[in-house]
Structure formats: structure tokens, C-alpha cells
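Notes to accompany the following structure.
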Amino acid sequence: MKTSIATVSISGGFADKLAAIAEAGFDGIEIFENDLVAFDGSPADAGKMARDAGLAITLFQPFRDFEGLPEPQRSRAFDRAERKFDVMHELGTELMLVCSSVSPVALGGIDRAAADFRELGERAARRGLRVGYEALAWGKHVNDHRDAWEIVRRADHPNIGLILDSFHTLARRIDVSSIRSIPKDKIFIVQLADAPAIDMDLLYWSRHFRNMPGEGDLPVREFMQAVSATGYDGYLSLEIFNDAFRGGAARAIAIDGRRSLVNLMDQVHRAEPALQVTLPEMPDRVAVHGVEFVEFATDRAGAAELDRFLHGLGFGHCGLHVSKSVALYRQGKINIVVNTEKEGFAHSSFLVHGTSVCAIGLKVEDAQATVERARLLGAEPFEQPVGSGELLIPAIRGVGGSLLYFIDDKSELSRVWDVEFRPLKGNAALLADGLTRVDHVGQTMDHGEMLTWLLFYTSIFQTRKAPLVDVIDPSGIVRSQAIENDDGSLRLTLNGAGNRRTLAGHFIAESFGSNVQHLAFACDDIFSTAAALKARGFEPLQMSPNYYDDVEARFGLEPELADRLRDHNMLYDRDDFGEYFQLYAPTWGEGFIFEIVERRGNYTGYGASNAPFRIAAQKRHMRPAGMPRL
Ligand SMILES: O=C(O)c1ccc(O)c(O)c1
Ligand SMILES: [Mg+2]
């Protein structure tokens, strides 16, 4: 697989773009003309910089409004092309992209366009160059790759070929099987982009909302299967026009890009094994069986606070690490690890973020395979020295530099609790209020990071994304993207904060970066859990009385149920598949959220419709009178 990316896809100046692209492991770049025009060296300098960075220049683009012109515009277009051929010569690239004309004076006619391309092919051949033709989805006469291919076919010139761009084909829902019969030698390059399913003007959609394959909703894999069926094995070149990427972190976006291509071709290979795909052997996306543990990093004072809080939720302090200052709290299948070591990863994490979740442990089908796949997708494996008698738990870096550890049943990793912890007898049995497992983990991040982590989780694990949901905070919108596996044993929510005054934004600002903000625990009978917690002195987050009047009216609830909800400060939601009950603890620290939920039937959501009211309640709780408004 040969990978390339258009310079428009990455933020920064030309040198920044090159550095990020090269570091992410791409083989080449497409030079978007504006990036060259903005660059303050010669085209030869730009070409040298790219080659010095180890990058081929795979394409120079775009050349616009060429075909179908009447005279005198036609002759001028050829003159313009010759000027750009000069630039390409200096740059050191041999392929130019001509996109279909949007000129109001352009005339239609496949043969007219074919004749123009034949002549352009002659001129390109004299210079040792090639020209590829791409159908823009909004082209005036040509907006379908099948028409562009017919023009290229009739131009019948070795230096004229077709350029396929997944966006233009898929945005118009053009049948991709039409690609399979195109001779591979006539496909000069393949551009790839995905996009979220939004109903809008094609040009605007393309120029602002494209994203990496796998980050959007277009069937890019099917498109790429059709391309691969031709035998095409040239560059796969990302061409991503996206407002957020233009302002994003160049290195992170480049890594996402490379990850998206490896994942895409792996998916293509698995969907249609007969296709020739050159990729290193890699394990398939790994099945996850749940959250095995959540680890907090803190100090002694923080640990004492957490201890009180966890006891209040019915967790028993039931284990001590054999050699480290690490405590284990348990309830049902939930393991909470509290790490107060004075060195190592957890301690560094505590110094940066304060008391916070520094790691999540996932139960997976195969821990080694997970790290191997993640590594091939550009994730960062993590290792630190382990003490004698401890297990080396495979791990990678996740959101905000935190860790994802992997436990499986295949190896001795499954015995980690017995091997690494001395039981504290008695405590566990005393407590336990019916919490069974982690229902979901909410990770809060800047809005611009959401696609990065969406691709991270969906490319490494057998998971899929749920529809994006807007969570309405009184101070702004927080976008929430759930990622789930089929049996619901893994549910993650990525919450993207747009500003610092939302509860999510405040949390990122105060804890210095993206992190787990929200832990939701499942139970089987939330009313009995609520009663048991109450008996222990647990005081839930106080909801406004108006909420209960509204929820009763909205769902037509029986008055008794509404009263029970009100008595327990419980929240309620319902969808076509089931019901959802939520009980919140008061916010902890700078907005950390513990929640208890019960799903009845097959409720699919996370209570987004309750979010405005619960966030308002949380903010009231966090802002004692006289404190500045959040
Ligand atoms: O938006 C455009 O104009 C444009 C230009 C060149 C391309 O390759 C493309 O896909 C779109
Ligand atoms: Mg394109």
C-alpha cells in the first residue's frame, strides 16, 4: 500500500505540514496549488523539501475549468496548462489533476471534452507529464465518474487517465460497481475521503465537512473494494477539506490519516479476501468483553476522599497491592483501583491532572493482539518496569495520554487480581448495593479531538459508533458520540466540549486535558439500590421539582412512578426499545460524575434528553453561593 495525503488536509505552514505527514509514515503528498502559492520559496525549493522529508509528490492539483471551452477561452486554457506544466517540472511531479469544469461558458459534449483532453495529453507527453481527470460532484456538465471515464476512454491517450475521488462518487450515491471494469492503468490516482451524513449543498459539504475514511458515514470501504477489484495498486491519497482539521494539531491529524488508510485496507481485505491488498499481516479488530477496571491516580488526601465516596456508593475496599501503594475497591464486576504511588506513570498523571482516572483496563479477547493491531495503526504502546511478582499488562496510550490496559482470559493476565492483590477479607461482603458492572465510561475532550478518538476506538476494537447527540449544557453545546460493541459490554461516550463554561469544558480546563469525566455503573434494580444507598447516607444530586412535572407529562407516567422518581431524585428516559433510569451522585472535584443506571428492555441511549436538567443541577451543586458562575 502506497499512501499519500493532500497538503490541504493538514494545518500549518508548508514545512509544518511536511514534517507531520512524514512523521506519520506517509509515502507521498499531493500539493494543493494554494499551499505552493502561499509558500515563500520556489517550486523547486518545495519539491526539494518534500523529497528531503522522504515524500514523493504524487499529484499537483487542481487545474480548473479546462474542458469544453469555446475560443478564445480554449486557447487560453491550454496556455494556462503549459504554465502549470512548468511549475510541475520545477516541483518534480509528473501528475496533474484536472477537475471537471464549473465554468458558465463551458460547453457540454463528451466528444468535445475528449478532444480537448487528447490535445492536452499530447502536450503533457512532450513534457513527460500525465494528466488525470476528476468529476467534481458539482461539475457543470460532468459530475459522475462514469462520464469522466467515458471522456478519458475516448481521449484515448496514454498520458490521459482518470482520477477517482470517493467523496464525489459517494456523495452522489453513484453505484461503485461501475468502477470494477475500469482498466487499472487508466486510474492515475485514487483520492479518498469520508464525510458525515448531512443533507446539504454538495460543494459546501465537500469543502468543509470531509473527514478520514471511517470517521464519517459514507461507504468508503465498498468504494475501495471496487477500486481494488481493478487491480489498482497506486497511491491512496487522502484529500480532506475540513474546517476543524485546518485548525487542528497537524501531527495528530496526520496520524489519524495514516491510521484511517491502514484500517480501511484491512477492512477491504477482510470483506473481500480475494482482492490483492498489500498490508502487513495484522490481527483483526479485537472483541472487547467489558471494562475490567478503572484506575484513579491520587495522593493520600485524595485517596481518603475517594474512599469515603466509594463507600457511599457501596464499594468495599477489598484488596491491597502486594508491593505498591495501590488499593482495590470492588462491587459486582466493577474494579476500581486507587493508585497513590510516588513514582511511575500514575504519579506523573496525578502531578499533571490532579486526582483523576489515569487508566482504564479493558477485558479483551486477546491482549497481545490488541497491542499489535494498535501499534500497526500508529497507536503508542506503553510499558513501564514492573516489580517482582507483578504481571506485565499490555497497554497503549489513550485519550489525554492516559493508558488503556488489556486483560484477557487467554493468559495469566486473567489472574491479575489474585496475583497482584492481597485480599482484605470481610469488607466486600459488608457492602455491595447491587452495582453490577460498568455501564459506560464518559471521556471528555475538546470538540476537535472527537474524530481522532472515534477512529482510534473503532479501528482497534470491534465497536461501532452510535449517532452523534447534542447534549445541551446551559452554557453551550457538548457533542456526545457513543461507541459501543454488539452486546453492550463496552460503551464509551466521547464528549466534545466547545467552550470552557460548559461542565465538560470546565472539567478539561481544571484537570488540564482530556480525560474520563463520567463513570456510570449498572444495576438490576435501581429502586432497591437507591434505597440501600440512602440507608448508608448517600445523598443524590438534587433535581429541580419542575423536572418531575415535565417527565410525568412527557411520558404519561403513572403518578406512583413519578412520585418514586421524585423521592429518589431519579431521572427517567424511554425510547422505542426500553426504559432508562439514572441516579447521580453530586459532582465530585471539578465536575467528575458518578452515575448509577438501570436499562430496562433494550434501551439504546444515555439519557441525553435529561442532560440539560441534570447539568443545571450539577452546576448548582458545584457553585456554592457567591462563587463565579460556571
Ligand atoms: O473543491 C474543489 O474544488 C476540489 C478540487 C480538487 C479536488 O480534487 C476535489 O476533490 C475538490
Ligand atoms: Mg478530489
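Heads up, the Cβ atoms here are built off N, Cα and C, so glycines get one too.
Whatever TrEMBL says is automated annotation, not expert-curated.
Other Cβ atoms within 10 Å of the Cβ of GLU239 (divalent metal cation binding site), summed over all protein chains shown, number 28. Taken from TrEMBL, the feature divalent metal cation binding site applies to GLU134, ASP165, GLN191, GLU239.
What TrEMBL lists as Mg(2+) binding site is HIS440, HIS518, GLU595. A strand conformation is recorded for HIS440 (Mg(2+) binding site) in the three-state DSSP classification.
TrEMBL lists 290-409 (among others) with the feature domain 'VOC'.
Positions annotated as domain 'VOC' by TrEMBL: 437-586 (among others).
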Those binding-site residues in HIS440, HIS518, GLU595 whose CB falls under 6 A of ligand 1, listed in sequence order: none
Of ASP165, GLN191, GLU595, binding-site residues neighbouring ligand 2, Cβ under 6 A: ASP165, GLN191
Packing count at HIS440 (Mg(2+) binding site) (other Cβ atoms within 10 Å of its Cβ): 21
For GLU595 (Mg(2+) binding site), the number of other Cβ atoms found within 10 Å of its own Cβ: 21
Three-class DSSP secondary structure - GLU239 (divalent metal cation binding site): coil
Secondary structure content of the domain 'VOC' (290-409), with strand meaning DSSP E or B: 35 helix, 45 strand, 40 coil
Rounded to the nearest Å - Cα separation of GLU595 (Mg(2+) binding site) and GLU239 (divalent metal cation binding site): 42
Remaining residues near the recorded divalent metal cation site, that is with C-beta within 8 Å of the centroid of the site residues GLU134, ASP165, GLN191, GLU239: LEU97, ILE163, LEU164, SER166, PHE167, HIS168, ILE189, VAL190, LEU192, ALA193, SER237
